[in-house]
């Protein structure tokens, strides 16, 4: 029966990654065919919310990236908080490892990019493009491996990506934002003591947290900083335990409620809205311009070298230890996946070279570096992870 096949597919651990990949492939095909006009109309369709004199007007693309993706980052923040309190990151030393790896994974790509452009000072402002990691696509690729992935590896990659995104947001605020609104940031900051008070008073109803979270999200959005940061911050205040009922965990209930919505709704929509890059008019020869070449090399070479070098140094100095159930080959696979810069790199590239005469196309370097990193990371992990339960090979025909 068809319904059984569909149910069996969605029971696969890898199904979320498969749906994400299909959405990205569909977008790339559509954007480079005659359907591109429809695609552009869809992602740039104006959507506005107005209450009295207050209004937020964005196109669909921005609502997906700034709004829906804040929900994804909220879920990631919930998972991260749980791991810090009772999971893989409950030891402070284990937090140092992904934080250091993220730092190395940002510094080295910038160095590689500047090496390729050391004779071109006018292109130095693109140094931050290869420092980014697209957490959604990196985790999507990881999920293709199903439940062979140890939880420690997923937490390690998520932690690196979170620190990386925070670093990217700081870089954007310091180097690429001309109209930062301190007033809006102050409003966002004022939300924090209220969230803290709710947590300390053991308020387990999610509604007041979400109401304050929406206010904080709007303030961060208006400030000029990437609004998804509000999702991570809000997650930190959701109580893990109900002090009056130890069996009740508001945080874990939220995780469970959001998982399918994010995996099969938000992330595929995000992939579809961001992967549709039209390459019409872009020559392959442009890839060898110092800017796209430096970006591609920064993502593929710089990321893996930076992450691995910092991990090796941290282990060598005894600052932290190898996460349980992991080895250097798996860390290397995760380091490769960190080179999937994609959407955040595209965003920074648009800021760095806004209004630039098209002597080159930085998107080519981002796409090439991200694709090569993603494929290499997937292949590396596929060959190193133990196939304890090969969920990708479930026989979908057995229910027919």
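Including glycine, each Cβ sits where the backbone N, Cα and C put it.
For 10-30 (among others), the entry in Swiss-Prot reads transmembrane segment.
Below 8 angstroms of C-beta separation, residues 42-45, 47, 89, 135-136, 155, 158-159, 161-162, 165, 213, 217, 221, 226-236, 238, 251, 254-255, 258-259, 261-262, 266-267, 269-270, 273-274, 343 of the same chain, each at least six residues beyond the ends of the transmembrane segment (60-80), sit close to that stretch. Per Swiss-Prot, transmembrane segment is recorded for 60-80 (among others).
Annotation source Swiss-Prot lists transmembrane segment at 95-115 (among others), citing sequence analysis.
For 126-146 (among others), the entry in Swiss-Prot reads transmembrane segment, with the evidence type sequence analysis. Through the fold, the transmembrane segment (126-146) approaches residues 12-14, 16-18, 20-21, 24, 69, 72, 76, 105-107, 109-110, 112-114, 117, 153-154, 157-158, 160-162, 164-165, 167-168, 171-172, 175-176, 267, 270-271, 291, 294-299, 302-303, 337-345, 347-349, 352-353, 362, 365-366, 369-370, 374, 377-378, 381-382, 385, 389-392 of its own chain, all at least 6 residues removed from its boundaries and within a Cβ separation under 8 Å.
As annotated by Swiss-Prot, transmembrane segment applies to 155-175 (among others). Non-local neighbours of the transmembrane segment (155-175) in the same chain are 73, 76-77, 79-80, 83, 87-89, 95, 97-99, 101-103, 105-106, 125, 128, 131-133, 135, 138-139, 142, 224-226, 228-229, 232, 307, 323, 326, 331, 334, 337-338, 344, 347-348, 351; each lies 6+ residues outside the stretch with a CB under 8 Å from one of its CB atoms.
Look at Swiss-Prot and you will find 178-198 (among others) tagged as transmembrane segment, backed by sequence analysis. Non-local neighbours of the transmembrane segment (178-198) in the same chain are 208-209, 212-213, 215-216, 219-220, 222-225, 230, 233-234, 237; each lies 6+ residues outside the stretch with a CB under 8 Å from one of its CB atoms.
The transmembrane segment annotation in Swiss-Prot covers 218-238 (among others), and the record cites sequence analysis as its basis.
Positions annotated as transmembrane segment by Swiss-Prot, on the basis of sequence analysis: 265-285 (among others).
The transmembrane segment annotation in Swiss-Prot covers 295-315 (among others) and rests on sequence analysis.
Sequence-distant contacts of the transmembrane segment (334-354) (same chain, six or more residues past either end, CB-CB distance under 8 Å): 65, 101, 105, 125-126, 128-134, 136-138, 141-142, 153, 156-157, 160-161, 164-165, 168, 171-172, 176, 226, 270, 274-275, 277, 291, 295, 299-300, 302-304, 307-308, 311, 362-363, 366-367, 369-370, 372-374, 376-378, 380-381. What Swiss-Prot lists as transmembrane segment is 334-354 (among others), and the listing cites sequence analysis.
As annotated by Swiss-Prot, transmembrane segment applies to 364-384 (among others). Counting only same-chain residues 6+ beyond the ends of the transmembrane segment (364-384), those with a CB under 8 A from a CB of the stretch are 129-130, 134, 137-138, 141-142, 144-145, 149, 153, 277, 279, 282, 284, 286-287, 291-300, 303-304, 327, 329-330, 332-342, 345-346, 349.
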